[in-house]
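Inspection log for the structure reproduced underneath, given as structure tokens.
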């Protein structure tokens, strides 16, 4: 009872999650639709298994047509297409995606036609017909090996084209889990097919593992993928030179009597170059940015970088850079296109290293937390 309940929960969760991915603007992308299709196909595999456990195929013979569709052949196809559509066009365009559906179409057509005799009694298979069926079954097994082993294996080579490390990590975990699941299913199925061994207990374990993959995708993978998708959009936003009309950052009063401050003004060539690096090249989005990196770009010492920034702005280097990061986040918050985007995502892509650093810097610059600021302008 508990086992069946877990399967039913996973089926429902997969269906709902698939619909959410297809309909929600947060997940609306070409690659994401294949993730939704993957969840639908996995749900159908589990649904057929539940029907078998509950004896539904005996009570309702027509349901066997649903079982005849080889949904499992779609799992490696959809995970592969999901990954392919996450990479650049040059790599994606070299793939002939339609070829990966051939095993599914062949196997489903063959099994459905074969079961027309068992379910509806439309025709009777002769001895010569059985020989042909045996040949067709061997072809089906060959397709099973090809489609279950090749696309996931090939996907490992495609993952290297993904640019975001976080996205790459969770997709690699999903791919590995699915690859192990499919390989176990294939080995178990072949063992039962050739040696006539009872494989029901092993298949139960495989089905249970599939439920865990469904739960993991729902509660871990989707959250991280949403974050990665937001990060990609934010990255393009930040790197659009005309996107952020930066206001003049606050500068300190240069009437101070110290001699070194009198000689350093906002017209300082190094400071002007630093401003251009921030406004045009968006160097502040580098979370590892420090005085040494900036000094190397400017061709001066790290100490002189601090001196220039402190003298002209009256603030230290970290606060100066954080002002640009905060301005970038403020512009994204004000843009209606990003209403549903995660604030932390914006902060991390703007260059902040953590939620705490982001919130503290934002409040220091604006006097409000990101959430408070968002509520005041909406």
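Please read every residue number as a count from 1 along the shown chain.
Glycine is treated like the rest: Cβ placed from N, Cα and C.
Under DSSP, the residues of the domain 'HTH araC/xylS-type' (280-376) split into helix, strand and coil as follows: 71 helix, 0 strand, 26 coil. Residues or ranges marked as domain 'HTH araC/xylS-type' in TrEMBL: 280-376.
Marked as transmembrane segment by TrEMBL: 6-22 (among others). The list of residues near the transmembrane segment (6-22) in space but at least 6 beyond its ends in sequence, with Cβ under 8 angstroms from a Cβ of it, reads 28, 32-33, 35-37, 39-40, 42-43, 46-47, 49-50, 207-208, 210-211, 214-215, 217-218, 222.
Taken from TrEMBL, the feature transmembrane segment applies to 34-51 (among others). Long-range Cβ contacts of the transmembrane segment (34-51) within its own chain (Cβ-Cβ under 8 Å, at least 6 residues beyond either end) map to 4, 7-8, 10-11, 14-15, 17-19, 21-22, 57, 63, 66-67, 69, 71-72, 74-75, 78-79, 81-82, 85, 203, 207, 210-211, 213-214, 217, 225.
Per TrEMBL, transmembrane segment is recorded for 71-87 (among others).
Residues or ranges marked as transmembrane segment in TrEMBL: 99-116 (among others). When Cβ-Cβ distances below 8 Å are used as the criterion, the transmembrane segment (99-116) is approached by residues 64-65, 68-70, 73-74, 76-77, 80-81, 122-123, 133, 136, 139-140, 143-144, 146-147, 151 of the same chain, each at least six residues removed from its ends.
Sequence-distant neighbours of the transmembrane segment (131-159) (same chain, 6+ residues past either end, Cβ-Cβ under 8 Å): 72-73, 76-77, 79-80, 83-84, 87, 91, 100, 102-104, 106-107, 110-111, 114, 125, 168, 171-172, 175, 178-179, 182-183, 185-186, 189-190, 193. Taken from TrEMBL, the feature transmembrane segment covers 131-159 (among others).
What TrEMBL records for 171-197 (among others) is transmembrane segment.
Taken from TrEMBL, the feature transmembrane segment covers 203-222 (among others).
Only residues 6 or more beyond the boundaries of the transmembrane segment (171-197), in the same chain, are considered here, and those with a CB under 8 A from a CB of the stretch are 72, 75-76, 79, 82-83, 86, 141, 144-145, 148-149, 152-153, 155-156, 159, 162, 203, 206, 209-210, 213, 216-217, 221, 225.
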